Amino acid sequence: MMMALQIFIKILPIMFFGILLANLMCHLNILYKLQKYIKNKYFPIIAVFFVSSTSGSFLLKNLLKKGEISEENLLPIYFLGMFVFGIHIILFYAIPMATSLGWYVGGIYVLIKFLVTCNYLIISVLMLKKRKYNIDIEFKSKSEGLYGAIRDTFKQYFRVLTSFVPSVLIITYLIEHGLLDIVEDFAGSLLNALNLSPTILVIVLTGLATISGAIGIASGLLDENILSPNEVLFSLFLAGF
């Protein structure tokens, strides 16, 4: 279970503080205060999605229940939020990874991640323009204070854990008990023909559970010189699909 433990140590604290920050922004009315100075009708949702896609999804769900957005508006706003969260992933995961990959390989990785992320923005803009959505969301709700922020943080965090933790535990357990050897029997010859190490399957299989876990394992394998930068880059793209 050492592999799972390493993933949890790297990912779970980041996930928790991201959700906590998003809830603090909502419950302490930080978004409403900032909205007075930043005149953009999408800003509150963008701000929440930037720190946590989980909290952003919960926010949209609550706004839908309250009737502040319609079901027609939900999808383009969600795509807009996922574009912003994609920028978060690039800033806090892709770019730090790229520094260890080198300027050439790392630059290609970040560029492709950015271009893929831009698809969310393009889809959102086209839907908003074509259907002439008129979305104007402003946070005027009464603040629930620090208690409300902490309460919702743990509520959302444990919901994520119910899927994240079992997935990582199952995948890493199977890897540590021979799954990789079985997979290598089928794909090893092909990967060797491509001058790739079968070890990249560790990253790819982890990506089936969580791409964040795949990035964490990739950085560890790169630090220990088990995989080359090109192999890490290739495996991360496979894991992303």
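Every residue, even glycine, has its Cβ placed from backbone N, Cα and C.
Sequence annotations record features per position, and here Swiss-Prot assigns transmembrane segment to 1-21 (among others).
Residues annotated as transmembrane segment in Swiss-Prot: 43-63 (among others).
Taken from Swiss-Prot, the feature transmembrane segment applies to 75-95 (among others), supported by sequence analysis.
Annotation source Swiss-Prot lists transmembrane segment at 108-128 (among others). Same-chain residues lying 6 or more positions outside the transmembrane segment (108-128) and placing a CB less than 8 Å from one of its CB atoms are 75-77, 79-80, 82-83, 86-87, 89-90, 94-95, 97-98, 101, 135, 233, 236-237, 240.
Feature annotation from Swiss-Prot assigns transmembrane segment to 160-180 (among others).
Sequence-distant contacts of the transmembrane segment (200-220) (same chain, six or more residues past either end, CB-CB distance under 8 Å): 3, 6-7, 10-11, 14-15, 93, 97, 100, 164, 167-168, 170-172, 174-175, 179-180, 183-184, 187, 191, 227, 231-232, 234-236, 238-240. Feature annotation from Swiss-Prot assigns transmembrane segment to 200-220 (among others).
Sequence-distant contacts of the transmembrane segment (160-180), counting only residues of its own chain at least 6 positions beyond either end whose CB sits under 8 Å from a CB of the stretch, comprise 1-4, 7-8, 11-12, 15, 19, 54, 198, 201-202, 205-206, 208-210, 213.
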